[in-house]
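First the structure, in the form of structure tokens, and then the observations on it.
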Amino acid sequence: MAPLTLSVKAQDSSISDASTKRKQNLTVRNSFASVNVGQEKPFDFLRTLFEGVIAGGTAGVVVETALYPIDTIKTRLQAARGGEKLVLKGLYSGLAGNLAGVLPASALFVGVYEPVKQKLLTMFPENLSAFAHLTAGAIGGIAASFVRVPTEVVKQRMQTGQFTSASNAVRFIAAKEGFKGFYAGYGSFLLRDLPFDAIQFCLYEQIRIGYMLAARRNLNDPENAIIGAFAGALTGAITTPLDVIKTRLMIQGPANQYKGIVDCVQTIIKEEGPGAFMKGIGPRVLWIGIGGSIFFGVLESSKRFLAERRPTKAPRINSEKSKD
């Protein structure tokens, strides 16, 4: 007996039943975690890009504002060396400057992810859709990294008390470290964020597909939020060691305590032991889990809101037929 796939053809079914099943499969495939594009319409790259930018920017700002204190605690835990005590003051330090980077970074990520995903899904067979999601997530992460990394460098140095304002941080880094100072830890950032983005979005998309196939309907916002929370928390836990390495490299400043990723790993193991790579896992999983819930919930709501307000073109009437 041949294995079942998403598209099932019954030889003895009537023509109408086969047509109905095909429409249901198309509906499921085209509705999950994407800016809905009608099957009868050609792929509109610019509109998908625009809607992804708006939805991604909105979701990113909402999540960052709501969960910034947890992120600050996580960063301070990871930055602490030896028996340093955790400081709980100024948990919103650097938020304003960070939002200036989060907005374009989130907008750029989703703006690239959505059209790339839509295009890849037309190239991959249905049973390999996960590869389309993984690839699109990685490409979106690379595009957003050019904005994310400078924002992350400034934010984390403010969170650890090195600067009192974003403008002071930017001026100091530019003067003492030059342009490359804004991209400190870029390699470790990609090492963390590319797998994180790819895994998180792939998990979210695939779980959502399975849920919709089982429920035989589109999901509501609370369901999207729950799936987003699970995907975010699991991915956050898996990538915590990479996050610790990234944090250490980004906050070291001109002192250059570490020569690179390998040296950072070796130094942490030598001075603090392997357990140091799991520092901040609690706040990180909590932060990303709640963040995933809010992000994907807001993202899907925003995309649906934009899709419902697309201009509709009036159907053109054939002049020759109208004469008849």
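Yeah, the Cβs are placed from backbone N, Cα and C, and that goes for glycine too.
Record features, source TrEMBL:
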REPEAT    47-119  repeat 'Solcar'
REPEAT    128-210  repeat 'Solcar'
REPEAT    223-305  repeat 'Solcar'
TRANSMEM  49-70  transmembrane segment
TRANSMEM  91-110  transmembrane segment
TRANSMEM  130-149  transmembrane segment
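Counting same-chain residues at least six beyond the ends of the transmembrane segment (49-70), those with a Cβ under 8 angstroms from any Cβ of the stretch are 35, 91-92, 95, 98-99, 102-115, 283, 286-287, 290-291, 294-296, 298-299, 302-303, 306-307. Here the transmembrane segment (130-149) has Cβ contacts under 8 Å with residues 101, 104-106, 108-110, 112-113, 116-117, 120-121, 123-124, 182-183, 185-186, 189-190, 193-194, 196-202, 205-206 of the same chain, all six or more residues outside its ends. Secondary structure of the repeat 'Solcar' (223-305), assigned with DSSP and counted as helix (H, G, I), strand (E, B) and coil, comes to 73 helix, 0 strand, 10 coil. Remark: secondary structure over the repeat 'Solcar' (128-210) totals 73 helix, 0 strand, 10 coil, with classes taken from DSSP.
Here the repeat 'Solcar' (47-119) has, by DSSP, the following mix of helix, strand and coil residues: 58 helix, 0 strand, 15 coil.
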